[in-house]
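Below is one structure, written out as structure tokens, with a few remarks after it.
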Amino acid sequence: MNIMITKIFFLVQLFYIVVSKSSAEENCETVASEVHVTKEEYDEMGRLLRSCSGEVSVNKCEGMCNSQVHPSISSPTGFQKECFCCREKFLRERLVTLTHCYDPDGIRFEDEENALMEVRLREPDECECYKCGDFSR
């Protein structure tokens, strides 16, 4: 009898935790961040022609998503988990310019043709909460 009361009390506490956690506000959003990008250019023989780098402002997904744990008689652990992660909903492609370009000897290019390099990258345009591990979307 005492064990049964303890189990019921535990499940009530667990239910309270699940309900209070799942009612929290989701705040998955697109946030600007700085990353260091390096791109190398090679000729047909595989020799390095130039190496360019720069700090680039890009979007990333950041925030919290509601996740839940439910008691379950069918699960071996006794609980069913539903986890959600903040991930990209849409990606957009854009060009960025790298402004620090060097020859294979490490000497910085001064001529306009070699001093800059355009690089195409993809970044999140919009973020959303998705079931963790679900890559089918």
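The backbone N, Cα and C atoms fix where each Cβ goes, glycine too.
Between Cys101 and the candidates Cys28, Cys52, Swiss-Prot records the disulphide pairing with Cys52. Note: Swiss-Prot links Cys132 through a disulfide bond to Cys83 (candidates: Cys65, Cys83, Cys86, Cys127).
Partner cysteine of Cys129, as given in Swiss-Prot, is Cys65 (from among Cys61, Cys65, disulfide bond).
The disulfide bond recorded by Swiss-Prot for Cys61 joins it to Cys127 [selected from Cys28, Cys127]. Take the candidates Cys85, Cys86; Swiss-Prot pairs Cys28 in a disulfide bond with Cys86. If you count neighbouring Cβ atoms within 10 Å for each of the disulfide-bonded residues Cys65, Cys101, the highest count belongs to Cys101.
Ranked by CA distance from Cys101 (disulfide bond), the disulfide-bonded residues Cys83, Cys86, Cys129, Cys132 have Cys86 at the top as the closest. Taken as a whole, the domain 'CTCK' (28-123) shows an average pLDDT of 94 in this prediction. Candidates Cys65, Cys83, Cys129, Cys132 (disulfide-bonded residues) were compared with Cys28 (disulfide bond); those inside 10 Å Cα-Cα are Cys65, Cys129.
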